[in-house]
Amino acid sequence: MNPYVLAILLSSLGIGTTLTFASSHWLLAWMGLEISTLAIIPLVAQQHHPRAVEATTKYFLTQATAAAMILFASTTNAWTTGEWNIQEMSNPTALVLITMALALKIGLAPVHYWLPEVLQGLDLTTGLILSTWQKLAPFALIYQISPMMNPSLVIMLGLASTIIGGWGGLNQTQLRKILAYSSIAHLGWMMIVMQYSPNLAILNLTLYITMTSAAFLTCKNVASTKLSTLTLTWSKTPMMTTMAMMTLLSLGGLPPLTGFMPKWLILQELTKQNLPLTASIMALAALLSLFFYLRMCYAMTLTIAPNTNTNTSTWRQKSSQTTMTLSITTTLALILLPITPAIMALTT
């Protein structure tokens with residue numbers, strides 16, 4: 001892609017998200033979401049391949065549906081209450097509609113079906129943008145309307161996302177689909193705590209972006225998109241493979257890694273709110289996700305592909321990719337658990 005075109009598209013992505021962040025009026029927020037969607041569509045379609053075209057079409061249709069629902073719900077609220085302010089959503093029908101529209105935007109279950117299919121049709125860089133940056137603007141709106149949302153609907157969305165996100169990834173062999181289901185499960189954790197502690201949900205989102213970025217960048221660095229090709233990475237880059245294994249375990253939420261922190265704090269918060277059954281289901285659903293992360297770890301570090309030389313080949317070219325971002329995100333994905341007290345002081 002032409003660098004000038006790429007620069008325009010990336011800056012439009014930034015402007016769209018920033019516009020939604022800064023807005024208190026539904027029309028302005030909707031406009032920001034639309035700019036973001038239109039900016040990423042050429043990036044999704046840049047590979048001239050039937051899968052990319054299919055992914056672009058599915059992404060455009062789902063995002064357009066969600067945007068139309070947001071516009072309809074905000075107009076309904078303005079019609080009945082005379083108020084366009086995001087934090088003045090008092091019409092219950094409009095609130096349910098807008099919650100489902102934002103759930104469709106980010107890919108929460110049960111409106112998640114587009115996400116694995118779209119991610120499968122993308123290259124890893126665009127997939128990274130879709131899994132991280134594109135979640136920010138809808139989450140800013142969810143954060144603002146969270147005090148007014150229907151608690152039963154929010155808990156249903158959160159539980160469904162963690163269970164389906166864990167279950168859906170169990171039999172996958174494509175890394176992008178596995179990461180898509182991982183994304184759905186993590187979004188469920190954020191959604192379920194949003195009403196009780198919005199700052200904790202934002203902390204979870206930040207750590208999710210860090211860990212997912214590390215996972216995507218590792219896959220990009222080793223040029224791997226399938227579980228079977230991960231078996232070749234140990235003999236090529238043993239150190240990075242070890243770090244990738246720990247990142248995946250962090251995504252699964254194992255102590256003493258960073259990923260344990262948000263799960264621990266969210267379960268604690270749910271217990272404080274007298275929701276022990278919900279907390280128990282969430283903890284058990286996390287085990288489903290942990291299984292497919294362990295499966296990836298097993299493929300990367302404990303198996304060697306048949307007929308491959310375990311020694312590093314002398315003729316292998318050094319990678320020309322920059323690894324600074326990968327190093328930073330991997331480090332953050334592994335070592336932040338000890339500063340939990342400081343983070344709790346900031347979020348409460």
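Cβ from N, Cα, C; glycine included.
Per TrEMBL, domain 'NADH:quinone oxidoreductase/Mrp antiporter transmembrane' is recorded for 23-288.
Among the features that TrEMBL reports, domain 'NADH dehydrogenase subunit 2 C-terminal' is placed at 290-344.
The transmembrane segment annotation in TrEMBL covers 57-74 (among others). Within the chain, the transmembrane segment (57-74) has long-range Cβ neighbours (under 8 A, six or more residues past its boundaries) at 26-27, 29-30, 33-34, 37, 40-41, 44, 84, 93-95, 97-98, 100-102, 104-105, 114, 117-118, 121, 130.
The annotation transmembrane segment is assigned in TrEMBL to 94-115 (among others). Long-range contacts of the transmembrane segment (94-115) within the same chain, counting only residues at least 6 positions beyond its ends with a Cβ under 8 Å from a Cβ of the stretch, are 33, 58-59, 62-63, 65-67, 69-70, 72-74, 76-77, 80, 134-135, 138-139, 141-142, 145, 148-150, 153-154, 157, 160-161, 163-165, 180, 183-184, 187-188, 191.
Counting only same-chain residues 6+ beyond the ends of the transmembrane segment (152-171), those with a CB under 8 A from a CB of the stretch are 96, 99, 103, 108-110, 112, 116, 146, 177-178, 181-189, 191-195, 275, 278, 281-282, 285-289, 291-292. The feature transmembrane segment is assigned by TrEMBL to 152-171 (among others).
Residues of the same chain lying 6 or more positions beyond the ends of the transmembrane segment (178-196) and with a Cβ under 8 Å from any Cβ of it are 103, 106-109, 112, 115-116, 119-120, 127, 131, 135, 139, 142-143, 146-147, 149, 151, 154-155, 157-166, 168-169, 172, 204-205, 208, 212, 215-216, 219, 227, 251, 262-263, 266, 269-270, 272-273, 278, 282, 285-286, 288-289, 292-293, 296. Residues or ranges marked as transmembrane segment by TrEMBL: 178-196 (among others).
Look at TrEMBL and you will find 202-219 (among others) tagged as transmembrane segment.
Taken from TrEMBL, the feature transmembrane segment applies to 239-257 (among others). Counting same-chain residues at least six beyond the ends of the transmembrane segment (239-257), those with a Cβ under 8 angstroms from any Cβ of the stretch are 182, 186, 211-212, 214-215, 218, 221-222, 233, 263-264, 286, 289-290, 293-294, 296-297, 300-301, 326, 330, 333-334, 337.
Here the transmembrane segment (277-294) has Cβ contacts under 8 Å with residues 155, 158-159, 162-163, 165-167, 169-170, 172, 178, 181-182, 185, 188-189, 192, 248-249, 251-254, 263, 266-267, 270-271 of the same chain, all six or more residues outside its ends. The transmembrane segment annotation in TrEMBL covers 277-294 (among others).
Summarising the annotation, TrEMBL assigns transmembrane segment to 326-346 (among others).
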Handout entry: Residues of the parent chain within Cβ reach of the transmembrane segment (202-219), under 8 Å, 6 or more residues beyond its termini
Key = 124-125, 127-128, 131-132, 135-136, 139, 143, 175, 179, 182-183, 186, 189-190, 193, 225, 240, 243-244, 247-248, 250-251, 258-259, 261-262, 265-266, 325-326, 329-330, 332-333, 336, 343, 347
